[in-house]
Structure formats: C-alpha cells, structure tokens
Amino acid sequence: MTISNTRPITPELIASHGLKPDEYERILSLIRREPTFTELGIFSAMWNEHCSYKSSKKWLRTLPTKGPRVIQGPGENAGVVDIDDGDCVVFKMESHNHPSYIEPYQGAATGVGGILRDVFTMGARPIAAMNALRFGAPDHPKTRHLVSGVVAGVGGYGNSFGVPTVGGEVEFDARYNGNILVNAFAAGLARSDAIFYSKAEGVGLPVVYLGAKTGRDGVGGATMASAEFDESIEEKRPTVQVGDPFTEKCLLEACLELMQTGAVIAIQDMGAAGLTCSAVEMGAKGDLGIELDLDKVPVREERMTAYEMMLSESQERMLMVLRPEKEEEAKAIFVKWGLDFAIVGKTTDDLRFRILHQGEEVANLPIKELGDEAPEYDRPWTPAKSPSPLATNDIPRADVAEALLKLVGSANNSSRRWVYEQYDTLIQGNSLQLPGGDAGVVRVEGHATKALAFSSDVTPRYVEADPFEGGKQAVAECWRNLTATGALPLAATDNLNFGNPERPEIMSQFVHAIKGIGEACRALDFPIVSGNVSLYNETNGQGILPTPTIGGVGLISDWARMARIRFAAADEAILLAGAPEGWGTHIAQSVYMRDVHGRTDGPAPHVDLAHERKVGDFVRGLIADGLVTAVHDCSSGGLALAVAEMAMASGIGATIEAPAGHDPIAAFYGEDQGRYVVTVTAEKLEAIASRARDAGLSLPVIGTTGGSAVKLGDAKAVSVEELRSTHEAWFPTYMGGDLAPDN
C-alpha cells in the first residue's frame, strides 16, 4: 500500500513517530507551516535518540577524545588512530539491539554489515571483528532461539564477507530477557594520508547513490531503535533490515578502488534512517544544502513512496559527493562490480534539504536544524548511591574446589567455543590470537613485526551496583586485556547500552558511568575515538543491566614477543602482579557470590587507576623484554578462575599456595582490580623480583606450574581434564536443548 504525502498530521501520527508534543511545536516554529508526511518522517528519523543523541550529547562531550595518535575522533563514521609507518587503524563499535531481538538472524547480520561499512567508508580494509552479546536467562523460553539466531547471523555475514572474528563476549542475565544486546565492533587498516570523510564540499556537485537497490526493509528502523518495547513487538518485524554480505563485499572492493582515483569528495554509508541521515549529515557538516530527486533512486520494489525511500534502511548502500569530471570512470567501476551507480541529486548553497518525487517537492527543510542543531536535552538524574560493604561474617562459605568446578561450568563462565567455532577466525591469514584469550591479535599485513590487539569489556553487575566504578572498571579491564598480550593500548570505542533516559534513576546510571569512563580514559591515556549510544533498552518498563561496553585497540611492536594465557611449561613460578595483601579481598559483586550463592549485593570493586597504570606498564615491560612465559589478567572469578583458564588452555596443572592468615575465599575468588597472573622460568625469577622491588610493586610468588591438576591451597586438587570437560560442556548441552542443572 502506498502512503500519500498529504496524509493528515494528527497527534496520534506524531506520537507514532516518536516525537513529543514540544518537539512537534519546535518543528512548526522552524518551518512555519505543517510538515508534509514525508517531512514528519524525516524529522522523526533525525531527531530520535539513535541519530541525534539528544539525551546523551551533553555528557559525551565530557569524554577525552584527543591524543598524540588520534587522527579522527568522534563525529565521523569511525575513529582513526596512527599506528606508525604511515599506517592507521580505523575502528568503531555499534549496537543492533532492537532489530536482533525482533529478528535475530537478520538483526545481527546487518549489525555486522553496518559496522563494516562504517570502517571501509573511511577508506580502510576491514581486518578484524568482535561482538559483545547479552542474552536473557538461559531458562527463559526465547533465549535459546535468540542465541542460535544471533550467532548464526554474526557468522553468516562476517564469514561470507571475509573478515575474521577475533574476540567478544557472551553473557546471560534475566535483565536481558526482553531486550538482548548485540554490539558489533570492526577495525580496518588504511594509510594515514588516505582517509575519507563525510563532510560535503563544493556547490553544484553531483550526489551519487552507490550499491544495492532500495526496498521497503528497515523503514522506521532508527525510530524503533529509539523506543522501548511493549506487547506490539512482533508488529515491528518489517522494520528489520535484510543483509547480503556478498553485495557488501563487492561494495567494499568498488569503494576502495574508486577511492584510489581521486573521484571522492565526501562519502557516507546509509545506515540508520538511510538516505535521509546520510544526505543530511554530509550537507550539514559541510554547511551545504542537498537536493535529491527520488525518481533517480534505484529501487527494487514498485510504487515506493517518498516517505519509504527516504526512511528505508536497505543495506549495502552508500552516498557520495563526486568530482564531476570523474563520473564516467566512477560509474565504470561500480558497473564492473555489479552495483548500482546513480546521480540522485546535487549540493546547493542554500542550507535546505529539498526532496523531489514525481515532479513534486515533497520536502523542503532547514538542513542544519535536522543535523547538528537537532534538539538536545539535559535530563534530570539522581545522585549516586553506593551499596554498603559486605560484613566479614556475611560472606558465605563454600568448598574452594567445588566452587571452582561450578564456576568453570556455569552459564557465564563456561567456554564460548560453541559460539566462536561458528565464526571464521582465520580468514585473511593474519590472526595470531583467537577468541578464548585476553584479546584477539591480528598481524599488520606488509609489516614484519607489527600487530594489533583487540578487546571488548564491561561488567554490567558492577555498573548496576556503582555506575562510576563500573564505568572505570570497563575501561580498565579493556586496557588490562590489551596489556596482557604485550600491546600498548592506543584508543577505545564505546557502546553505551542503557534503559529509558526519561527515568532519572536510569539517567543517573548513564551520567555516572560516563564520568567513570572519562576518568579512566584520562588516567590511562586511552581516548574514546568513536562510539554509539543505545537507550530505551527496556521492555514493559523493565530495563536492562546498564552495559557501557568498551572496545579497545592496542599496538604490538613485535608480535614474536606477544604473551598468551596458556602455561608454557611445568616447573615455572606463578606470580601475581599488583596483588593486595592476601592476594584478593573484594568478594562483593563477584561471580563467586552470584553463581555459587545467588547473591548480587554489595559494592563494586574500587578501581585505583594509578595502580592500574603502574602495574600494567610494569607487566608490559616484562613481556617486551621476554621475561615472562604466560600472562592473564584477573577479572571475573578472581585468581582461581584465571589460573584455571591458564591450565585449561595449556593442559598443564598448577599448585597455588594459600596466603597465610587470610581468607581463602577472598584470596581465590575476590575480584580486586589491577592484577595479572604471570609465569616465569626459575632463572629469570630474581631479575623480575628485583624489577618489582625497584618499581615498588607487589609481585608475590603464589605457586608453581606442573602436574595434571589445579590445586588451590588446602582444597582438593581438580584435574585439568575435569576442568576442561566441565568448562566445555555447558554451551553445547544448553544449545542441544538440555538446560544444564543449577545454571
């Protein structure tokens, strides 16, 4: 059914477009008349949270975004960071949460496709992908279906496109029952002097449509992504886009080939709000108007209206401002790759966004007010409240060995092999570390020694307990995971997933998490260069756990010295860098409390950023000098889980002493921050100990590698074979239709 552009504008229609009454009044004052139906759709798309960041912009400005290596920070399709030798890494993380809940395969697949386009739009060839996934409780009736669809979608698109998936996260919690999270990360390599931007320059230049044809899929997708769900969720299935990775691969090659010709003045991928957002952003950034003739847009469906064409989120499409003299050369490239190439408009000097369709003007709007001058809110938020500490006598006991087996086989700590074996982790032939370690590592092609490390991290239960400390911890753990490979952390991207910002308690979570993220990034010289905000992650008023995911990139100057988590050999000393007295103290909000005792009370662990930096720099120095044989950061599950993971990765056991006079539960399962487990050969032990003394760092020897079991203090030994079988069993058992007991 076609929709007339003269459809009456009623309060119900305005509300259905996600516009508040005061926002509609602002529209009337801007254009001094009633908008057409197409214009209402354009305002709805550009003024929603997904495109305008109207609730978050104020706080995003407080984040550190500059640094000596930063070539491009937030505001472009992706961030760009210098990695020496004239090379740069281009990267970003973005959410596709709402579509993936409604239609998990296509939602996840097009999330991958969208983030890859963000990267190659800048002129970079994608070299790595990650995904951070959050699902509802394992026993929820939709969870297994959603896991299956999302993982298949991520793999189906990424594998076909030809980019290795080198890391990510998968976590379950009942708070995601009605609103899962799919956060997709991509990184690419480019030359520092060949970066392409979205700012249009020059009047009267052709605006060119590139890629696949436009259909009705995804119409209204950006508006849907800016609202919480209710019982009408199934009706939103048509707003989910459909992806074709093979077309995207052709689009990548065509764009990179075109970029070498000097034809491109500005280029923008068509993501959220499709043709509308890409055209408005290009024009508004360049202080230019844009005129589009929709009769020239390649379409794959009949009788498409102006409203549908402007708001379609059909995938694998680009918009470009072209040098006129290069038109035939550019067209030939896209024809060769089997893609559409159509001049659909021109740049103008009047700062108007003008849309023509079938000989009529269907929209004529001020472009700056649609783009970078959209509404901005300073939403109310409540002061932070920190939970009371747990009393010493309120820490429940459990057998240390039995707790370890329970944790390694639990829903949230078990092996993710079932997931990542569905992804191509080796394509392109440059992967050096695969999922399952602290960070994925990819060799920089064409360079003998250089590699890049990638990690994504957040601990939502910490953010829920204390958004400020949780925000700090997300950054610190990402930085720590990169460091644990030997990489120098360069910069980060954020994917900020929260509930309804109109609720002051949710806005408070957001504000304090941003403050924590900013403080940590400044302390660790880890600027935020790109990112995404996803709000209204709620269903029927039930919000998700606050989940500000941090994706980070680090540089390894010599990958031959790169560290791994697996024990290298028997009879090596195990040390705990950055250990507090007693090795571990903070048991509140730990997975021990959550998964063994079903409790999520108490404060999040404090992150001492000066300590974090000092210990991380020290460990990175040990790795660079070849003094350690294995490294693993201590995070969820504490020392016990870190040692178990190192043993399972290598097949070599470990004996850990219990710290005299200290609680073994806190020592083994405490989640104190800023710690690394390292292993050292006997002949290098004294040299490392001397370094630690000179640096004023705690570096106790806590045990020895060897044997076929892991023994923690006085607890019974658990064989590595039993740990492995328990660790590997949960996911395939669950996905096979049997819910593992007690999880």
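Note that Cβ sites are derived from N, Cα and C of the backbone, with glycine treated the same way.
Site annotation for ATP in Swiss-Prot covers Y53, K92, G531, and the matching candidate from D22, D494, D558 is D494. For the substrate site that Swiss-Prot gives as S95, H96, N97, H98, Q241, E313, S314, Q315, S534, the extra residue drawn from R69, R117, R561 is R117.
For the binding-site residues given as E94, D118, E313, D494, the lowest number of other CB atoms within 10 Å of the residue's CB is seen at E94. Using K92 (ATP binding site) as the reference Cα, a 10 A cut-off selects D118, N532 from the recorded positions H50, D118, D269, Q315, N532. When the recorded positions H50, R117, D269, Q315, G531 are compared by Cα distance to E94 (Mg(2+) 1 binding site), the shortest distance belongs to G531.
Comparing the Cα of E313 (substrate binding site) with the Cα of every entry in H50, H96, D269, these being the recorded positions, the smallest distance points to D269. For the pair formed by N97 (substrate binding site) and H50 (active site), distance between Cα atoms is given as 12 Å, rounded to the nearest Å. Within 10 Å of D269 (Mg(2+) 2 binding site), counting CA to CA, the binding-site residues Y53, S95, R117, D494, G531, N532 contribute R117. According to DSSP, Y53 (ATP binding site) is assigned to coil rather than to any helix or strand. The Cβ neighbour count for G531 (ATP binding site), using a 10 Å radius over every protein chain in view, is 28. Note on proximity: among H50, Y53, N532, the recorded positions of the record, the Cα nearest R117 (substrate binding site) is that of N532.
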